[in-house]
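> Per TrEMBL, the feature repeat 'Solcar' maps to 74-158, 171-255, 272-351.
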Amino acid sequence: MAFPENARQSLIPSFLYSSTSGSKRIAGLESFANASHGSHQSPYFSSSRAGSVGEASNFVIPAPNEKIEMYSPSFYAACTAGGILSCGLTHMTVTPLDLVKCNMQIDPAKYKSITSGFGVLLKEQGVKGFFRGWVPTLLGYSAQGACKFGFYEFFKKYYSDLAGPENAAKYKTLIYLAGSASAELIADVALCPMEAVKVRVQTQPGFARGLSDGLPKFIKSEGALGLYKGIVPLWGRQIPYTMMKFASFETIVEMIYKHAIPTPKDQCTKGLQLGVSFAGGYVAGVLCAIVSHPADNLVSFLNNAKGATVGDAVKKLGLWGLFTRGLPLRIVMIGTLTGAQWGIYDAFKVFVGLPTTGGVTPAPAVAKA
């Protein structure tokens, strides 16, 4: 079998992204690379290159370059599209939970619990009231998801390149954290205007029916810059949330494949791999909800009250209320949301010929003869 002479390894460790087909096959490819280049190669031989040789049937999930070349513009475009689907659709679906949660944060005297909150909404606004604000939710979180996942994949590769193969493997959690924080910083700029309108529509009955009349009314009242009044609290909520979401997911998935599933990831069915993605995402979501909840309360408070400050929010809610008000509902919502997001995102990656995220540890170094 002929091999391309310009075979190169990626600087990013293969365990960050891709499935592998077994240590024997990788070792054979590495031995060839060592012989052709006359030097010892890093253990992190690119699985995308490995996928270009051998039988395609050896892979449960097709090799990435069968359809999309890894780290190419098409790869990042696919990750961006997957992010749009995973975040936009899931956030729109849980609009009723989000609506009750926001109102519990703003008016706890009226919305005392989850069940009574749904009862109040049903009595006052009918069934349609449960989906008030769904348009800004869909648009805002679709834009956020595009940036969150697309830029995460970009920054994860970029920081791995900067670190080099050995350090990328050694400090992989730091790379997850840095990549997700960088991505979310950008994603929140896209989200913030829609989040501001959504909160105002959901928590102030009579303010507007939705985005079409709510956005111009908001701008007229607060000015265009008012749409970004909550950007700092949004960063305070979303950046820790996303860092926890991505770093804990990658770690949890790796632990599941290492300790809970006896079969190597590349030999697992697609359904099982996507199930692992959902389970890892759900657990990560619970952790995300706890970490980011105080900032979530601040975002809801600031976007609801004109001219309000962080000090006003802390004074009214109190520290205990800041950390606990609406938390049980948010744990349920964010856990389900995050699990579904990772399931949808990885399902889309599989659909376009990319491997699911995480779960493969690097192959051991091949000793020189």
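Each position is counted from 1, following the chain as shown.
Positions of Cβ are set from backbone N, Cα and C atoms, glycine also.
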> Using DSSP, how many residues in the repeat 'Solcar' (272-351) fall into helix, strand and coil?
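When I sort the residues of the repeat 'Solcar' (272-351) into the three classes, I find 73 helix, 0 strand, 7 coil.
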> Using DSSP, how many residues in the repeat 'Solcar' (74-158) fall into helix, strand and coil?
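Secondary-structure breakdown of the repeat 'Solcar' (74-158): 74 helix, 0 strand, 11 coil.
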> With helix taken as DSSP H, G or I, strand as E or B and everything else coil, how many residues of the repeat 'Solcar' (171-255) land in each class?
74 helix, 0 strand, 11 coil
